[in-house]
Amino acid sequence: MLQAVVSGLILGSIYAIIAQGYYITYVTTRTMNFGQGDFLMLGALLGLTSLGAMTSAGMNLIVSVLFTLMIVAAAMGLLGWGLERGAIRPLNHILSVGWILSTVAVSLMIRNIAMLVWGRNVIPFPSPFGNEVYRFGSVGITKHEVFVAFCAVVIMACLFFFLNKSLLGKALAAVAYNPEAASLMGINPKRMAVLAFALSSALAGIGGILVGPITNTAFFMGATLGLKAFAAAIIGGLTNPLGILIGGLLLGVLEQVFSLYSSAYKDASAFLLILIVLIFMPQGLLGKKVKEKF
Amino acid sequence: MRKAKWWLSLALALTLGAAGCGPQLDQSAPAGGSGGSSGGQTSSGGAGAGQSGGGEFNVGLAISLSGGTAKFGEAVKRAAQMAVDEFNEAGGADGKKAKLIVYDDEAKPEKSVEIVQRLIQQDKVVAFVGPANSGNAKAHIKFAQEAGVPEIIPVATGTAITDTYANEEKNYIFRVAPYDRGQVETILKWVVADKKFTKIGLLHDTTGYGQGGKADVEAVLKEQYNMSLTAVESFQVNDTNMEAQLSKMRDAAVEVVIFYGLAPEAAQYLKSRQKLDYYPLTVASWAMGDPTVKELVGDLVNRDVYMVQSFTIDQSESSRAFHEKVVAKFGEDIFPIASAQGYDCMRLILEAVKKAGTDPKAIRDAIENMEGFEGVTAIGEQPFTKENHEALNSSNMFLATYKDGAIVKP
């Protein structure tokens, strides 16, 4: 039981890391990248390739991990910029929900391109921390899993402070609240939208490097992860990073504990939770209740 | 806000849909590298033939060289090529040289049907080897049977395939691969009859493969040993851990876990064993012997993991010699058991041609009545009979284990 809770927390941290990407763009532009899971996959595979190239070139492990993180974040940020410019902004005025389909389309393209580049096999992604298992009583946990859980909290905290305390973050929030007023105040809403997507994609890339050693790394890894992460975001409330973290953890633990009783209905339990949450708390557990004026 | 909620529910529905539409293993979309070399035909024999006295005849290979089973296909292709080359160097059959024609079925049933028809009608092959996927076999065996061209299956393990035409006067479908039901019988013979375990747990995936395995395990246990499973747990493809399932096995005090799933999940299973520090004796189908498992988890394969095999490098002198020949020719043996089975399939066809000439119907009879065959797998000297078209069954499949990262006989 205890082991199930612990592994649920780890799984939940993974969901939460991915789901934070939904949050950034949602609060800024009221749009999301539904290909977040596939962006994560691309981040993991890019990270794997560049890490492999650097370590085989004889670089120090820690240096190459840092470099990999930067390269992946930069590349994914660029991709996020492209996504906003290419697939979201042009569709903004044609059909109000066009972005849903266009982000899904982009994600399918990325998935297929990744399959062509990296092949269809599952690729081993060795953790930079090794495979050692820590034991606390009957509970086993790897170093990498501790690191992932830690990162989930750090990423949540960074986002929280960035959006609520920093000037740039406040600008992002202002655009979300009222784009016209924000542009009167000298904020460029278009630039902010691009920034939000770049940030969210970079986060997905970093998330990919974090979760790669735990999940199997292959071109199809993003589909289920992205979907579960979206569920976590909905459960926790799309407008609150802390809520997303809690939603993710709740979902992960529920899944694992549920599979103690019946492993066949694990996924059903996750989506049952969504239904219950949406019926009783449509804004999510920690989402803000907003009265919208029409 | 109300509008936003509508979007969200629509979006959720769409994402669900999209997750389903994406390419999965064993489905659609060609992988890289298939185009030039393997998509077209590759031929051998013709070039080095020199004085080709009695002309040449075609043998076919229809298998996946791209797609989820590409590794199996590539290993079989190399081994089949080797068998053909050796046959030609030894002078062929009455001076007739063999020419190997290879087509890629991309792991798709419809493509498989297309290339099998092309092999039979256009290339006029005397017999062919293939495929790697059971679904592809089910889709195309009809054409081989109707045209009267013998087919030997080197990889696909679906139980019913060779039985499809068992009641016809002549059954053209043979197999040199551990078929599913036979694997389960082999596993249970070892677990129940040899090792006398009574508390048996089963861990299977929720795809057709694992469900079929579950049905087979339960049926064989019931019919042959009048026993039932102590614990049955399932997992899904892409699950990140199996700790909950394993904990339940531990609580139920099972003595042996039968694992029925494919390589990526087998890797997650082995990782979960390590995390729980619980290493139940594990017996698995041949998928556990996929080199991918070892690539993913490294040394974790070495501890109490057994799986069904028909070939290990150390099982005999000839299998070691075969393995070294593959390594010498291609630099590596990417999938030893698939190479060995592919080699035996092609050798069976070529031996039959030596005995019976190049008429497909005569070749079929020669394959069925083959005697004194020396294979590199555990295949018998008389692999087939009229009733039995499975060269490998529970009497000659065996359980192998990992030792220092290599699959060996225990």
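Using N, Cα and C of the backbone, Cβ positions are placed for all residues, glycine too.
Please treat TrEMBL annotations as automatic predictions, because they have not gone through curation.
Long-range contacts of the transmembrane segment (A:6-27) within its own chain (CB-CB distance under 8 A, at least 6 residues past either end) are made by residues 33, 36-37, 39-40, 139, 141, 145, 148-149, 151-153, 155-156, 159, 163, 172-173, 176, 196-197, 199-201, 203-204, 206-207, 210-211, 214-215, 225-226, 228-233, 236, 238-241, 244-245, 247-257. Taken from TrEMBL, the feature transmembrane segment applies to A:6-27 (among others).
The annotation transmembrane segment is assigned in TrEMBL to A:39-55 (among others).
Taken from TrEMBL, the feature transmembrane segment applies to A:61-82 (among others).
Marked as transmembrane segment by TrEMBL: A:94-118 (among others).
According to TrEMBL, the transmembrane segment annotation covers A:146-163 (among others). Remote same-chain residues near the transmembrane segment (A:146-163) are listed as 9-10, 12-14, 16-17, 20, 23-24, 27, 129, 134, 169-170, 172-173, 203, 210-211, 214, 241-242, 244-245, 248 (criterion: CB distance under 8 Å, separation of at least six residues from the stretch ends).
Annotation source TrEMBL lists transmembrane segment at A:192-211 (among others). Same-chain residues lying 6 or more positions outside the transmembrane segment (A:192-211) and placing a CB less than 8 Å from one of its CB atoms are 14, 17-18, 20-22, 24-25, 28-29, 33, 36, 39-47, 51, 68-69, 72-81, 83-85, 88-89, 147-148, 151, 155, 168, 171-172, 175, 182, 225.
Through the fold, the transmembrane segment (A:268-286) approaches residues 228, 231, 233-240, 242-243, 246-247, 250-251, 254-255, 258 of its own chain, all at least 6 residues removed from its boundaries and within a Cβ separation under 8 Å. If you look up TrEMBL, you'll see A:268-286 (among others) marked as transmembrane segment.
Counting same-chain residues at least six beyond the ends of the transmembrane segment (A:94-118), those with a Cβ under 8 angstroms from any Cβ of the stretch are 31-35, 37-39, 41-42, 45, 49, 83, 86-88, 218-220, 222-223, 226.
Packing against the transmembrane segment (A:61-82) from elsewhere in the chain are residues 33, 39, 42-43, 46-47, 50-51, 54-55, 128, 194, 197-202, 204-206, 208-209: each is 6 or more residues past its ends and has a CB under 8 Å from a CB in it.
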